[in-house]
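Visitor: Provided herewith is a single structure, encoded as structure tokens, for subsequent inquiry.
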């Protein structure tokens, strides 16, 4: 088991290196650098001014060298001013004039040129805000999906099953930007129960009124999928021999479902729930933009829109890490939960 | 200026009978004939045995015919701005032509109804095509990965997992932007992607008809002609027939969507092949000494078609959702584009004041994806029966 986890962690590390390399390449494409230079100097800068700015701030250094600087394998060099004197690259991030080893490996994610602060100071509060949102989404989505799935799957082909299956199919057909619009129209514009914006959740704290719609919107899309997986798993378990035995020895249906079927039926959904995280990440971005909640998704959009290189790299690192770690947890967890699976 | 309004009942009658009648007629003919002859229509006919299947087909054929007849159905040009109609409520009558804005006007005074109908053309063109290309990419790479295993499999799987580890939204922000179009990257990627259908076709014909050179030569010529058309139209933007105009930003979207969904197809094909290659008929073909590529394309692939068809249905729906996401973030599509994602984005900014510009495209997108999901569900049920 341990060697399995070690091997998976190795592959994960390799994947992260490859991916950051790809992202690094894409954000450093010539037109992207030009866009960054334009926002950093002024929007009417000439081609020479742009070139000189990029040259002086080290964006013209060899690609691999800059990747190594970002990773923390090579000392970061200061920028130089027009006279060739060393100046700190971005003073608002506390950069120094002396070259020093300061990259991801040392815990320094670089400097956000859009928010004029270090990436760490911007990214971690945003992640915390998104974490809160995710927590509530999970609290709504998982129990809801499991209940729907189990109710539908325990009597295959019944009226409840068919109704709930159609509901589940409907929810998988409703992406966040559709359900967000529909919920806002019904609950905010017409009924006026909830806020159509979660902007006040960032400034004045989370309340039932401003947080319900984002959570509902985000939960609905994933719920149908998990419910369908739970149903399939439940249907399979209910046809197993030991369930028939339990029924034949005279146990009541409710006891059979709760005591015998449920435990085995919930193994498969566990994997599915874990693999939902990458999907939720996209949903988070949609919901945070739609409901103006300042979390990870909002940060990502701002970083991408302004070609904020270090912040975008930081965001990619975080999201790729989340995707890979949830995959790992789902594999390891599955092996733990299901005694029939043995990994070599 | 005071606008005249139709009553809600009149609006419904206008939409259902005056505007959508060609769609209803076409649907009635298609579904009526299919239902009548469902016993002879194979898998498609069996779909008419279940309510889920019928409702799926109804939703899909509705949008298909709406896209086909969009120039008759939509009363106004989707880009026309008629200043008096800004944010007009549903049923307002446009003074000049006397025609009503059935679902009202949006913030730029365009007819919401016409935009939703015209938007269906964009979605119904790009989503299935992108899925088709993604399918060929996934199949061409998934077959050898599943069949040969070992190094081939681990290399290709690693690459696929690399793409899958990217959250879709990040991928889109990195791959779809005017800056990326400037570098020419989408064209190069499109050039690579369009090679896969060609490779698959060559492999299929080459392995099967190697003993009949004349037939093979004709088939390869046809493939060559199609390749020429494909590349000149989509990669070099110069359709020899002058029929299809592709812009660089549309190609950018297309490439990004194919890129995001082909690893998923790859994984499914790989899994199916690994299962099927243990069957007796594959062993028989191997004993006959068949070329491994012949076995993959002509023995394994046809037997994997059931799950692949179901997956393709779901995947078109997923691609539609991805397209909507792109539109919602204003990536790639031109800002005035009538596609559903862009329209939802525009409408959702004003939800507090006006709900009518955002709701119709949202419901349109949902119903189309719902149709695909229902169809996939019905297909799965049918394939389970055998």
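From the backbone N, Cα and C atoms, a Cβ is placed for every residue, glycine too.
I grabbed these lines from TrEMBL:
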DOMAIN    B:120-376  domain 'ABC transmembrane type-1'
TRANSMEM  B:12-35  transmembrane segment
TRANSMEM  B:47-69  transmembrane segment
TRANSMEM  B:122-143  transmembrane segment
TRANSMEM  B:155-176  transmembrane segment
TRANSMEM  B:188-207  transmembrane segment
TRANSMEM  B:214-231  transmembrane segment
TRANSMEM  B:251-269  transmembrane segment
TRANSMEM  B:312-333  transmembrane segment
TRANSMEM  B:353-376  transmembrane segment
Visitor: Looking at B:12-35, B:47-69, B:122-143, B:155-176, B:188-207, which one has the highest count of Cβ pairs under 8 angstroms to the transmembrane segment (B:251-269)?
Guide: B:122-143
Visitor: Does the transmembrane segment (B:122-143) make contact with the transmembrane segment (B:12-35) through 3 or more Cβ pairs under 8 Å, each pair 6 or more apart in sequence?
Guide: no
Visitor: Could you name the stretch, out of B:12-35, B:47-69, B:155-176, B:312-333, with the greatest number of CB pairs under 8 A to the transmembrane segment (B:353-376)?
Guide: B:47-69
